[in-house]
Amino acid sequence: MSGETPVKPVEVDNDVEALESAKELSLKIDLPACLNAGDSLSIPSNYDETINDLKQALSLLPLSRSLTNYTIYINGTNVSDSVDDLTTFSQLFELFQWDSVDLLKVTIKERAYTLAAVYEQISRFREIIGLHYVDRMAEDLGVASGVSRLNELTLNAVKERENQEEKDRNEKSEKDEKDEKSEETEESFVLNEEDIKSLKISAEDLSSTIDIDLAATAASFNNIHTKIKLPIKSLTISQWSPVPAFQKNKGDLLYLTLQTLENETFNITCHFSGFFVNRSSTVNFNPEVKVNEKGQVSKNYLLVNLVDSLSPSFSKVLEENELSLSTSSEHPETYLLPNNSFLATPWYIDTVHAKNYPDVSRSQLPLILNGVDGSDYVKDWNEDFQSVRELPNTNIQERILREKLIQKALFDFTKTATDTSVNIIKGNLTPMNPNEEEGKHIYLKNGIFYASDATSVEVFEATGAEEAARYVASKDLAGVKVLNKADVPGVNNLVTCIVDYLGKRIVCQAPVPGIFNAAAEGEEEKVVYGLSTDGSTISQDKSFEEPLKQIAEVFHLKPHTVEVSDEIKSESELLVSKDTKGIKGTDSRKYVIDLYRTTPRDIQFTEAHFDASNDTSYPHGESLLRHEAVAEWWKRKVSALFKAETEKLEKEGKMESKDGEKPQIVLPTDQVVFNPDAFSFDSESDEDREVVRNLSKFVKEKLIEEFLTEFPSQVAPFDGQQLTSILHRQGINMRYLDEQTKATYEPTLANYDALYRVTVQEMIARAAKHLLRKLSADVPVNLFASFVAHFHNCLLGAAVNAQPAVEIEELYRSFYPESAFNFTKLNSDQVIALITKEVFLRFRYALPEDWSSVLIHPIPLMREIALKFGIQWKAQKYVFTAQEFAAYKEKFATTSKQVETAKSKKKGKKIQVVTEVVSERDSIFVADDIVNFVPIVKDSSYKASLIDEIFQSARSHIASGEKDVGLSIFNELVAIQEQIYGRVNSETARFYTLLAQVYSELGYQSQAAFVSRKAIILSERTTGFDSYDTITAYLNSGFYEAANFDLINSVSLYNQAVATWTSVYGKGHPTLINTLTNIAENYSRASQNESAIKLLESALEFSKLANGEVSEITGIVTFRLANCLINTSKFDQSLELYRACEATFEKVLGPDDALTKQASKYVSSIETYVKELAQQAVASGNSKIKVKSQTETVKNGKKNGKKSAIPQPDPEIASKSIDDILQFIEGNNPKKSSKKSKKSKK
């Protein structure tokens, strides 16, 4: 991507080494008496760790986690009040001039509580008892977010195996190598009868056609949080709070009411000295200490200890919870809550997961969490973010802290902005301009500015209006994201996110400080660089030039003059686009906004497809290239310049100086730039326009062509998300989907067929998303489920009911205007026609007339639309044919409650009667099938370059032979990754995926298998249980388990991967061929040849359908099946397949290819062997009996006295490799391993 920070392995290397070599320090901690700790606590640390690290350690340790209000004394000095929490121990030693030591004495002392400290203690209490899990579920915008399925597979524990060091094989013969491998396989795959039975069942499942039951799949979701039991019934702020004036002087801070599991109610006083039970009741106020009949009082400094003393069940339930969590999964990542990322919400869910838990105190959380006066809720998000960006980053510790705080700040902003956006769209908040039309409403809430994308529609009136404004908003966010990663000093950008919910888009930004202030006297315009807000002037504040030069370098922008008209033009060259504005905030910082013009126009596409006067025009004329495309173009251009300069110096003989040093070549990178305002005005130079035109051509003529050329050797995408990710990484915009579709319409490979299928489906899904947005413009929030269900009936249910009706209560109709119900008039033909038109408008692709019946795969398409629009469907069997629907009609019947008014027998009074009405469905979907809608959020977070730098450093050490150093750096990197992103994050999932791969490459298969399980769980929870990241993680893990010689685990993981992608893609993904052949190979290694043959036959059958009978892939699968048949002595069948292979390879690869020659050799050898067996059979008169007798002879260890020219069938040959088998057929018995020889001698 453009603007990425270059890797500096040497500097990072030194930093990591410094991190590893940081002087160790042991902390001996004396805990306060309230913890009943007894002996001191020892914690390992080092001089580079901070006071905050110590506090975090104390909050995580079971012994001290309930302590929240304390003072830290080190060497008798109160450091809590004298230094901040980010101070390192080394800085403390320097500040207080202490002598360097290995053991540091730390004393923790209680503090007097304040109301803020009481709130903090209550929050920690809720966390300890598990209420934070319930809080998270209650406040989550999605249902069953973060579910996982790995634990439901009940895998065996990872086998611990020693790493196999690389051995010098040069001194050994090739035969010995094979014998060693064979011996290793025999020793490693140990299977009992139950294992073999399980493997046979798995092979049957994998080789048969898989039908996915959505309800059964959703029921397998593992949501550990639902297993948490609460150790109390409730703890709430008492009705006697706040503390009256006459009690404040006595030290009372707050009053609580506790209800225990024993159904006892206690009123608790929060005092500056701790917590105690008082004498109050629900009707009488008496905050004095309660003395029981034994003359005892219940008082404790810690709330958790007090509650424990009052409820015998409290500790017992806490212990049960801890046991439940530890036994439910060996990986804490399964149940840990993220602190700086969203969890993925499944697109279909079992309604069992849609639970609510009673908690009176939940509604009081804003009071507890937002400070004593609520001021903590109001944040200056811009100041928070900019302050963190300005933190020092001179060494690795500073960079880690800074990146961690940046990621946290970005997430907290996005979380708050998302919650508020949902409330705005639901109509719960009042806009700043209520008299304007709804699309132009703006809001300023909690330091964040909210606006619809339609607020800037006037700016793009000529180029698509609302469509252009919507597109430009996402491009602005992309520019912000690049700039966040580039981290340009001296200039600031706004923290930004976009929220799409119920067809509406809200752009959220922390505003420039002072932007809403009234203009100062003499100040006419707040924009000091770029085109003014009203478009009347172009400003060029000189103080912006230096930082903007760096921004221009990040985006490869060319300095250029701008002439909008004779009156409106720049005085000198602008460094960025005229639309990028520079503003000075009241905080004295420089800000840049409107970063959508940081890539050039896609002029070739716009000229060809946009015409505002044409009904079939592309929706807008603001099409821009992606940053990845510009970065690739720049890299190739610079590379060409470098090559040309090198060749020039070589010709001139200047490549080496007299002292042998090569000259430094300064790359003229300022030559590889483009004008971001090209094709905006008539005054631009032809040269600038030509550069932008060539850039536009570069995408279509180079990037797309290269993608299609390289695609056959790549893994075909499973779904639209993966396809989008692949194309975006290559710099290809999604508007070019038609190019892939046209190129793969008549596929020659299964991969192309899969690409065509996914591409068409993606176009339809995206068209459906846009139609849902357009058609819902007037639909009220409360009718949205009815609208979406009806749209899906029209799109997917024509075979069941082409004219579906929408049931809406008459009462609802009185609430809204008639236009709100226009969607009920839609039918299947109209929706199909609208989709066809939308696909052509957006992708310039004409769908065939029968696309709705031929190209659609209902469940995968339903999933794609759900993920794009934020729909959560109820998990049940959805059928899409009239025959299936009739069979399931009774099951689909819905029960609803109806309220009727009737006359009472007594005095004729009117009463309301509730009756249950059972009604049969006449369409596939009803509103009740939609469980929830979730917002789709695009944020400005980025991958920290520090992680990549350290990763590359570790890889380079390993590549240069310093394996131990490399692994040591990787171990440090695990901790750094978790520090920056937390243990539950999609970036952490991807990191574990890479780490598992590294371990596997180095031969650490046990570690690879273990780490890959973490990658699966985190992928499921953060990217989705059926995302391509998750599918890939399952496939990788299956491979690592096989390499670790655990076939049962491996097959379970492969089976899950196949089941998942079948629900995502449907039947017949080409990856199935490779997966089945890999599993078959493992079965064969485990001597489960019959199952291996079944799997290979299934793979071959599918390959013939997908790739054709005469294709390289079909030939290779046939070859493997032939090999496997030899293992079972089925020589005739094997020979037939080898002949087919030879013919296929000769046609596809040519007679001189290695595969063709190998197949030919096998044909010749086996023909000879089969002929000799036949001759022997004729001589004996009964081939079956003769072969059997020969086998029995070998089994009994008796050999023919004469040396026979015909090799005897060997029952042990099944365990040999194909080469050994062929050597046997050719008359050369393969040598057995030394271990086997020793065993036979015994």
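Numbers here mean position along the shown chain, with the first residue as 1.
Cβ atoms are placed via backbone N, Cα and C, with glycine included.
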| request: Scan 565-590, 1189-1214, 1215-1240 against Swiss-Prot and say which stretch is down as region 'Disordered'. | output: 1189-1214
| remark: Contact set of the repeat 'TPR 2' (109-143) with the rest of its chain, CB cutoff 8 A exclusive, min separation 6+ beyond the ends, reads 32, 34, 59, 65-66, 68-71, 73, 225, 228-232, 235, 253-254, 256, 270-274, 301-304, 307, 318, 321, 335, 337, 343, 345, 349, 353-357, 359, 361-362, 365, 368-369, 371-372, 418-419, 422, 872, 931-932, 934-935
| query | Counting by DSSP, what is the helix, strand and coil composition of the repeat 'TPR 3' (528-561)? | reply | 14 helix, 9 strand, 11 coil
| task | Taking helix as H, G and I and strand as E and B in DSSP, count the residues of the repeat 'TPR 2' (109-143) in helix, strand and coil. | result | 24 helix, 2 strand, 9 coil
| In this predicted model, what is the average pLDDT of the repeat 'TPR 3' (528-561)? | 93
